[in-house]
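According to TrEMBL, the features are:
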- C163: active site, proton donor (ACT_SITE)
- D283, K293, P309, D310, I311, L312, F327, K341, K345: CTP binding site (BINDING)
- 11-181: domain 'Flavoprotein' (DOMAIN)
- 190-395: domain 'DNA/pantothenate metabolism flavoprotein C-terminal' (DOMAIN)
- 1-194: region 'Phosphopantothenoylcysteine decarboxylase' (REGION)
Amino acid sequence: MHSIMEQIQTKRIVLGLTGGIAAYKSAELTRLLVNQGMQVQVAMTEAACHFITPITMQALSGKPVFTNQWGEHTANHMAHINLSRTTDAIMIAPATADFIAKLAHGLADDLLSALCLARNCPLLVAPAMNRQMWESPATQRNIQQLLADGVTILGPVSGMQACGEEGMGRMQEPTELARALLTFFQPKLLSGVKVLLTAGPTYEAIDAVRGITNRSSGKMGYAITQAALELGAEVTLISGPTALSSPHGAALVNITSAAEMFEAVQKHVADANIFIGVAAVADYRVAQPTGQKIKKSTGGLTLELFPNPDILGYVAGLPKPPFCVGFAAESHNLHDYAATKRKTKKIPLLAANLAQQAIGADDNELILFDDTGEHVLPRADKLTLARALLQHIVKLYRQGNKL
Ligand code: CTP
């Protein structure tokens, strides 16, 4: 019995390339999809072959590339039918303005467009073009038509373009497209559900340049944000200072101190169905931070510290609390401390890990504590763990709400 993620990660994809400069990014996209376990069959238009060679795409996908209808690849010369019948989705990346126009009108004068027209599987399109071409009424009309036809449009995004102009029209980055594909296949178990998350460290100022913080990287909180988005949740991420970029689709609220995090949580919690406290919140703040840098002196320096509010405790104590999930990073005595913490904070679910293994690392191991006991999520990268944790949350949340 394979998990949903395992089933998704082994999907068969046709990756179609059309003639745009962003085609070089499709090499990386192929690598990412293949590394995830997907079977990628590349099909390229003639124009695409001017930007990147089929040899490159063959080497990365491990399969001969289809470039025209009249090739030798298939015995019955019906590649456009055969390919679409054995695939779970077609993704066109990059999709030029010209190819989008062909799709919108049902033209089928080359293998890739014929394949799209003959498909009986979902089609995802990642546009890439000059900003003027993207904004032109013709392209916008064509995009509206594709949306009406049930095609998924991914991007484009705004930024510097190969032509030297700046604006909307850049293809989404390969990592975003790979994520979008995984998201696309996942059942939307949290559709209509609002998830509020805290992530990362907090920073408590001592003076103008110094502060108290911790080594939390935010990676686990951001991975959980990604996993919740994949399940169709509306996610608000309240994040302390991190070096990470927020997953596409989450509402990001940047804060610095625990007091600011508390204020942001108070502002957003009324709407939330699920609250997940992943942040490593500083337990104390400096009583009187100074606006100016403290100068060195020969004597010692004593800091008076005040306790910070317990944000998770506050949320769990609300008259009608959302479904609350806490984290515990312990250096020792993990089982006892975690079980006690769950009871003291009065939360239905707590995810515990060993601080020395978790903080800043790319992978981790979690033990989940709930009313039925302990559940081990074995060592894996943080996104895999986040997805497994979300599956557990969904189960308990649905049981609690009798869904
Ligand atoms: N937490 C919080 N606000 C705080 C401190 C912690 O919301 N001021 C949340 C964290 O996001 C985490 C959980 O509470 O989900 C556990 O945090 P932790 O610091 O491990 O627990 P504490 O209650 O602070 O206990 P201790 O530091 O003694 O282990």
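Each residue, glycine too, has its Cβ placed from N, Cα and C.
Whatever TrEMBL says is automated annotation, not expert-curated.
Keep in mind that this is a model prediction, so the values were computed, not measured.
If you measure from the Cα atom of D283 (CTP binding site) to that of the residue listed as 'active site, proton donor', you get 51 Å. Between the listed recorded positions, namely C163, P309, F327, K345, the fewest other CB atoms within 10 angstroms of a CB are found at C163. The average pLDDT for the domain 'DNA/pantothenate metabolism flavoprotein C-terminal' (190-395) in the predicted structure is 94. Secondary structure from DSSP puts I311 (CTP binding site) in a helix.
The secondary structure of F327 (CTP binding site), as reduced to three states from DSSP, is extended strand. Largest CA to CA distance in the CTP binding set (D283, K293, P309, D310, I311, L312, F327, K341, K345): 38 Å, whole number. Set side by side, the binding-site residues D283, I311 differ in how many other CB atoms lie within 10 angstroms of their CB, and the most is found at I311.
Put simply, C163 (active site, proton donor) is 56 Å from K345 (CTP binding site) when counted between their Cα atoms. Cα-Cα distance from I311 (CTP binding site) to C163 (active site, proton donor): 49 Å (rounded to the nearest whole number). In the three-state DSSP assignment, the secondary structure recorded for K345 (CTP binding site) is coil.
The residue listed as 'active site, proton donor' and F327 (CTP binding site) are 47 Å apart (CA-CA, integer value).
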